[in-house]
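Right, one structure below, let's go through it.
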Amino acid sequence: MAKTPTPNKLTAAVRSETGKGASRRARRDGKVPAVLYGHGTDPQHLELHARDYAAVLRNSGANAVLTLDIEGTEQLALTKALDIHPIRRTIQHADLIVVKRGEKVIVEVNVVLEGESFPGTLVTSDATWVEIEAEALSIPEQLTISIEGAEAGTQVLAGELELPEGVTLVSDPELLLVNVVEPKVVEEPSEDEAATEAVAEGGAAPAPEAE
């Protein structure tokens, strides 16, 4: 299902200083250093309120279209890349790209599995996301595949995904998204097999029990 266009409005201030020292100070003040670029415009170094930005990403996803209020001027943007702190998991820096209404963009969208496969089977996957092309204001939050009752041998490829109107697949259509298999059963060796293996490895076979 495509997103309903929302403002996701964020206040952004132009940074007068750049560099590692300035970025550290911004983060201490509860801001996220960011750079906005695209459509032939000069890169703009910005600061976003960390809590507000994190809330938008949490509620609307990483592909949320942002309405940036840059000192009184509104600009639509998408998050291109995030630098996340490895321990605190806070946003250290954001790359944003300029988008226009009606413009198509290529983004990564998560693929979510719904339902339970046939009892006793195991579901594996080569990928949990695909690349699609969609209008910036109509990017699906996620794509779903139903595996309810799927039996061993069932496979779903990226080219078999049901895509919303206006959305096209960019990833390889042969990309394996779902593979339902029977789990391998590891049989315990019998006493005779265990004795044979022990002898083969140079050990002594267990002595027979006295009658």
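Positions of Cβ are set from backbone N, Cα and C atoms, glycine also.
According to TrEMBL, the protein has these features:
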COMPBIAS  196-211  compositional bias 'Low complexity'
DOMAIN    10-96  domain 'Large ribosomal subunit protein bL25 L25'
DOMAIN    104-184  domain 'Large ribosomal subunit protein bL25 beta'
REGION    1-30  region 'Disordered'
REGION    186-211  region 'Disordered'
Counts by DSSP class (helix H/G/I, strand E/B, coil) across the domain 'Large ribosomal subunit protein bL25 L25' (10-96): 20 helix, 46 strand, 21 coil
Helix, strand and coil totals (DSSP H, G, I; E, B; other) for the domain 'Large ribosomal subunit protein bL25 beta' (104-184): 6 helix, 37 strand, 38 coil
Rounded mean pLDDT for the residues that make up the domain 'Large ribosomal subunit protein bL25 L25' (10-96): 92
